[in-house]
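What Swiss-Prot says about this protein:
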- GLY12, PRO13, SER14, GLY15, SER16, GLY17, LYS18, GLY19, THR20: ATP binding site (BINDING)
Amino acid sequence: MNIKAPVITIDGPSGSGKGTIAGILAKRLGWCLLDSGALYRLLAFAARNHGVDLTNEESLKLLAAHLDVQFVGATEGHPQRIILEGDDVTDDLRNEQVGSWASQVAALPAVRDALLQRQRAFQEPPGLVADGRDMGTVVFPEAPLKIFLTASAEERARRRYLQLKGKVDGVSLSSLLDEIRARDERDTQRAVAPLKPAADAIQLDSTELSIEQVLERIMSEIAIRDIAG
């Protein structure tokens, strides 16, 4: 790892707001951004497109090593776009079904190992904000600041419902709550890199906090550690 490029990790369960927080934080700091969940979603989406069984560990490992993917950085008024094999699949990856597939493939040790170096390659100057589920425990264990962001399952389902309402047909709050609870169980119980806070992580419960309040707390921790210079 490049010791000249500091890393801030933001881990947490599905719907905790870590992606939103990480994106805003990276923009404020002028740092690189790693959405590790997108890599797993990309792999699951590509596997389905290529007819690869989501339980076939060796085939998924091979596919992970050769993913033709580009991340087009966010600009003013335009979010980051994700290009897979020449096609913009950003919106496809936010589908709840793709998220469920991603949770399945993320439980496979060979898949996590194949994507590990791809994730670490994002660590470049002036710094990196990395969001995911094992950023602070496995991918960047030496990061000077680790955040574990959570919220109640009910609040996370409510947030996801508001995101999807009007965009996805047939979405319901109860079904989203069931899916979040199922993903929590898969993510925390998997044998390799289970979802858990790093021993030195700062745990933030965002159930009753606004986005700005969470950001203020993180910026305070950055200042205390003098991470961003």
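Quick reminder: no glycine exception, Cβ is built from N, Cα and C everywhere.
Feature annotations (Swiss-Prot) mapped to structure.
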residue : record           : Cβ neighbours (10 Å)
GLY12   : ATP binding site : 28
SER14   : ATP binding site : 27
SER16   : ATP binding site : 26
LYS18   : ATP binding site : 28
THR20   : ATP binding site : 18
Beyond the listed site residues GLY12, PRO13, SER14, GLY15, SER16, GLY17, LYS18, GLY19, THR20, identify every same-chain residue whose Cβ lies within 8 Å of the center of their Cβ atoms for the ATP site.
ILE21, ASP131, LEU149, ALA151, ARG156
